[in-house]
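*Asks:* The structure follows.
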Amino acid sequence: MITRWLVRRLARTVDDRLRIAPVVRRALVKVFPDHWSFMLGELALYSFVVLVLTGVFLTLFFEPSTAETTYTGAYEALDGSRTSAAYASTVRLSFDVRAGLLMRQTHHWSALLFVAAIVLHLLRIFFTGAFRKPREINWLIGVTMLALALFNGFTGYSIPDDLLSGTGLRILYSVTQSVPLVGEWLVFLAFGGEFPAAETVPRMFVAHVLLVPAVLTALIAAHLGILVRQKHSQFPGPGRTENNVVGSRFWPGYTARTLALFAWVFAVTFALGGLVQINPVWIYGPFDPAQASSPAQPDWYVAWGDGALRLLPAADFRVFGHLVPSPFLPGAVLGGVAFAGLYLWPFLERWRGGDGLSHQLLDPPRRHPARLGFGVAVLAFFVVLLVAAADDIIAKVLRVPVLDVLSILRVLALVLPVPAGVVGYLLARALLRGGGRGIGDVTRRDVRSVRRLATVGSRGDVEEESSTEGGPSTEQPRSTGAATGPAAGDGGPRIELWRERDGTWRWRYRADEVTLTGNQGYLSRPEAERAADTAYGNLPMLEVEPPGGRAAVVAGAVERAGRAAGRVGGSLALLVLAYRRRRRDRRR
Amino acid sequence: MPRGAGVPRGAAVAEAGRGGRPNGWRALLIAVVLGLAAGPVPLPAAAAPVPVPTPTAASLPGGTASPAATGGPTGTVPPADPAGARGADLYLRNCASCHGPAGQGSQRGPGLVGVGPASVDFQLSTGRMPLEKVAVQPPHRRPAFSAEDIRAIVAHVDSFGGGGPEIPTVSPGDLRTGREVFLANCAACHSAAGVGATLTNGLIAPSLEGSTPLQVAEAVRVGPGLMPAFPETVLQQRELDALASYVQELRGDRLDRGGASLGRLGPTTEGLVAWGVGLLLLVLAARWLGRRADE
């Protein structure tokens, strides 16, 4: 009760000075479509939050320097050793700082999950065509963030200056150096000298904790700002048009949901950080250019580059007399082409037969067989590259010669994308044409999922695309449903309008079994009609009784009674407690 | 440790329950098989410590050097010495068919003259010899013989002459030095985490998980398989002690401060866990949360 009074008081104080009530009110009734795949981006966002929080903790103890120092601490096998300050402080974080290892491991796990969530999110966007107009800008921002995430992952992995990451850094150095003409200049520019240069770790540190996170934060803000401005796209379904958004309001439905997801991300990353060991640098030892450990792989998100380096045969060649070293193609060109392809895809697709129209409704993946097939083929290629990065581990586990594994993977990398893409294409075609019948179980399951997709959010809130000037919106519980609503019309799609008790007008869309209530109230009937018309075009409109009016009142009365009972009960309990305590005190 | 590949799973479990007994049984089994393979041979050795069953050596395949073979042990080991007789007996039953009765080697196995006690002890105590089946690289198993029998066989093979590295002594050493020596000399093949890695042609540098300090020291001095040998001139006794101590530190999960080690295979398994556990859980959570309450 006191809390509520405080909150109300605070809100009023802030609103008196900043006049934020209209903005907040609009934000709270903002509608987000319901589909689990729309929450993948949130997974990445919350992983980023975990990264920032744990990362701040780590910066308090990490020393970004390769200056020699003597480690003294709980790790016996390193106690008294001369190592770089970066390595010594990382081991100290793991052994001597309270909760340091938990934070380190959570940071690393959430980094892996961050990139994984971004990739899944990207795949969802790609296969549903969410990158089409008007969302190309957000696609470009997203791809940029993926590149930054990879870069920051790599720098974070490298700055502890341990033996494993030093090997990876050495590879990146060589790949950069392999760029024809400018390679030597590039490595000196980026690494600050010949490998291993003293400046490399401090530079990577600044990029890792300052520059890239700042840019990422700005881009995330832009990403979300554009999302809010453009409204979220939605899958086709009953009641969903190019002009509306059907789903849950931000408050309270979506807020609870997204906070729960936040808690899940925290729980999973910290559980992994506490229970599963990751990157035990104390075992790997400090970096020494003369030493190496085997097996050695990078983190998964850059492992495709490592896999490509392993797969491509060593072949130097000359172009116009300039040497092109063999790491150039797999190390630099592949990544460049991949990201160029990602950046250009929306424009390529529009150029090759796409329309230039704005799309608010998503494609189910099958709607675009060529896109699906191409995506699956590229995905298969990169998965083979990822597997190739672990060729030595596969060889060891299976006890087969590593060169045989390599040969098989070489063939797979070239061959597998073709059948994978063709299968994807044909499956999409078949599903599209036959409505899902004719190719066995997969198809039947797909059909089921499609039907489920179509009925997702069959009830919910509607937000019209070009919002009219909203009047004071009444925060009213969502419609109590078709059962209590007045039986009107013949069951075809129609718009129902009614006047609330407080004088505002609201509307809802009704079809056979679907009821979608508009998320705002309007001061006049024409305004409500205009809004409904924007969302649904030419549908018959009829005025009805306010739905669930009595129910709302009853609910209100019950709620009030419950609250009063709670208050009385609480006071009584306090009294009893106080009484018992006093008696106990007296007895002493 | 996994037992031989030929032993069924259930059998392995049942045997493990009975402690050290199966090794004796296996040795007996091998002896019987070898004896049968050798033809109509009397088997008195198992019962009584008679000098050397000469007919066994003579009737073995490739046993052309039988005079030398019988001459060696009988010459150096008097019949009254039961340990020497036991060593010779075990050798002839389990080793001679490939390595030759006098350790001269055959088409099926290398000669043992001059390999040194350290090598023989290493091969026997890690269970790599005798071979259960022909393999390019026999795995680390439980030893087929008791420590006493191994000592006897080692002494017998040593009697073939030729010198070779003696069984080294190991004492507890400095962990820090051990870590440095390990990372500089061993990590490139055995991995910094001691879990082993792949080499060429399907060979592997084995995991050090089951290696005792003495076995580590023997391997360092001997250089079995593809591994280079590190004699005293390269690696001093102090460094060897330190190295053996550090390998003990690597064994088990003493250094896995961060939780489940994931086989210490590095980023590969970490990536698999990130996708297969972390992201899977989060996507399931999203699927659950993404559904409306009224669906």
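Just so it is clear, glycine is given a Cβ too, placed from its N, Cα and C backbone atoms.
Not my notes, these are from TrEMBL:
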- A:10-236: domain 'Cytochrome b/b6 N-terminal region profile' (DOMAIN)
- A:43-62: transmembrane segment (TRANSMEM)
- A:111-131: transmembrane segment (TRANSMEM)
- A:137-159: transmembrane segment (TRANSMEM)
- A:205-228: transmembrane segment (TRANSMEM)
- A:259-278: transmembrane segment (TRANSMEM)
- A:328-348: transmembrane segment (TRANSMEM)
- A:369-388: transmembrane segment (TRANSMEM)
- A:408-428: transmembrane segment (TRANSMEM)
- A:455-495: region 'Disordered' (REGION)
- A:468-487: compositional bias 'Low complexity' (COMPBIAS)
*Asks:* Considering only Cβ pairs under 8 Å, which range in A:137-159, A:259-278, A:328-348, A:408-428 makes the most contacts with the transmembrane segment (A:43-62)?
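*Replies:* The listed stretch sharing the most Cβ pairs with the transmembrane segment (A:43-62) is A:259-278.
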*Asks:* At least three Cβ pairs under 8 Å linking the transmembrane segment (A:111-131) and the transmembrane segment (A:408-428), pairs spaced 6 or more in sequence?
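*Replies:* Taking Cβ pairs at least 6 residues apart, the transmembrane segment (A:408-428) and the transmembrane segment (A:111-131) are not in contact, as fewer than 3 fall under 8 Å.
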*Asks:* What residues elsewhere in the chain lie close to the transmembrane segment (A:328-348), defined as a C-beta under 8 angstroms and at least 6 residues from its ends?
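*Replies:* Apart from its flanks, the transmembrane segment (A:328-348) reaches 122, 126, 131-133, 136, 139-140, 143, 146-147, 171, 174-176, 178-180, 305, 308-309, 311-312, 378, 382.
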*Asks:* Using Cβ atoms and a strict cutoff of less than 8 Å, what residues sit near the transmembrane segment (A:137-159) while being 6 or more residues removed from its termini?
*Replies:* 62, 64, 86, 107-108, 111, 114-115, 118-119, 121-122, 125, 130-131, 165-166, 168-169, 172, 201, 204-205, 207-208, 212-213, 215-216, 219-220, 222-223, 226-227, 230, 279, 298-299, 301-302, 339, 342-343, 345-346
*Asks:* Which one, A:205-228, A:259-278, A:408-428, has the most C-beta pairs under 8 Å toward the transmembrane segment (A:369-388)?
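*Replies:* Looking at each of A:205-228, A:259-278, A:408-428 in turn, the most contacts to the transmembrane segment (A:369-388) are made by A:408-428.
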*Asks:* Could you give the mean pLDDT over the domain 'Cytochrome b/b6 N-terminal region profile' (A:10-236), rounded to a whole number?
*Replies:* 94
*Asks:* Same chain only, please: residues at least 6 beyond the ends of the transmembrane segment (A:408-428) with a C-beta under 8 Å from a C-beta of the stretch. Say none if there are none.
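*Replies:* For the transmembrane segment (A:408-428), the far contacts come to 307, 311, 365-370, 372-381, 384-385, 387-388, 391, 439, 442-443.
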